[in-house]
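Undergrad: Residues or ranges marked as active site, proton donor by Swiss-Prot on the basis of similarity to another entry: 190. Residues or ranges marked as FMN binding site in Swiss-Prot: 31, 32, 33, 64, 106, 237, 321, 342, 343. Annotated substrate binding site per Swiss-Prot: 185, 186, 187, 188, 283, in sequence order.
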């Protein structure tokens, strides 16, 4: 093992410079949908939630945030496309900054992973394809029940530029709200991933068919956002080997390398590195199911992650079921610069301190992941020794 519990040499607690941002540790809050933004407006409870998980020199990535009225696939997720949303996000960002943390907003369009109930005028969700997500999966409905994903509408070639513009405008809105940067969600079977994966994308235009064509949409989105706010404020998340929501690809490694190649070129042409590349490892748990994708063994997973890590010229964040020990190992072995934690951060608002001390962890309650209660299962998980978000143990 790379480090003992409290030997002072825990690599997760070595400082790191992520471009223009100086981080005091390498434990990152992963973006996680929590469904507490009533009517798509960030609420005060979100401020408390993120403040609880903020540490001086820490790095937080928000839950997936809608870039347009067509981009929702869960009830009560926040948006960043209206003035009111920007205004309410600014209150949350200010609270996080007061704790000395860095925070990025994850820009999200779910594509076909939606339902008419979430779409303006009850329209069909847009996607790269007309193929619906299979009945293996269910969508969470506003009333808490689970429904079947409907048939999407394949977006017209002429419409794609507007979606790219939605990403660009949302990135500018995020900066207006005070965010330090944004993360483009290109993973987990959502819209960008629906263009990337050959198991979904069946287009015959310039956005489908060849690997180069399937990478065109994500390239245009990244270029547009970089031109708007600067490369050093932009992170990108991808999951080439994950088949969540039927997002399968015949050659995940080639796909991942193709995306990395394009990100490296964007960095070269912009004269500045992106903030980071955030990759979810193949073994990923979502909705209580483990999705191993096409790569199942630990050896295969490690090979894919290391290949992408070595190919990408910049900060590399790994994600997906990491424990304290696996996070230490990833950084110590050079497999990642930063490690993002999801479910462990839900039930342990002071996860950073718990990892530092190798303290016991609270268990999470999956039943409260996607409810609208602003307290239960959201901001009521206990801190070490009963300290609140401003207690001495929550500060590093």
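Glycine is treated like the rest: Cβ placed from N, Cα and C.
Help me see these features in their spatial surroundings.
TA: Non-local neighbourhood of residue 190 (active site, proton donor): 64, 73, 108, 109, 110, 111, 113, 245, each in the same chain, at least six residues away, with C-beta under 8 Å from its C-beta.
Under the DSSP three-state reduction, residue 106 (FMN binding site) is assigned to strand. The local packing around residue 106 (FMN binding site), expressed as other Cβ atoms within 10 Å of its Cβ over all shown chains, amounts to 22.
Look at residue 185 (substrate binding site): DSSP puts it in a strand. In the shown protein chains, 28 other C-beta atoms lie within 10 A of the C-beta of residue 185 (substrate binding site).
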Undergrad: Enumerate same-chain residues with a sequence separation of six or more from residue 33 (FMN binding site) and a Cβ-Cβ distance below 8 A; give 'none' if the list is empty.
TA: 63, 64, 74, 77, 370
Undergrad: Taking only the Cα atoms, work out how far residue 321 (FMN binding site) lies from residue 187 (substrate binding site), in Å, as a whole number.
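TA: On Cα coordinates alone, these residues lie 16 Å apart.
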Undergrad: Going by Cα-Cα distance, which of the binding-site residues (185, 186, 187, 188) sits nearest to residue 31 (FMN binding site)?
TA: 185
Undergrad: Tell me the Cα distance separating residue 188 (substrate binding site) from residue 343 (FMN binding site), rounded to the nearest angstrom.
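TA: Cα of residue 343 (FMN binding site) to Cα of residue 188 (substrate binding site) measures 16 Å after rounding.
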Undergrad: When a 10 Å sphere is centred on the Cβ of residue 343 (FMN binding site), how many other Cβ atoms does it contain?
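TA: Result for residue 343 (FMN binding site): 15 other Cβ atoms within 10 Å.
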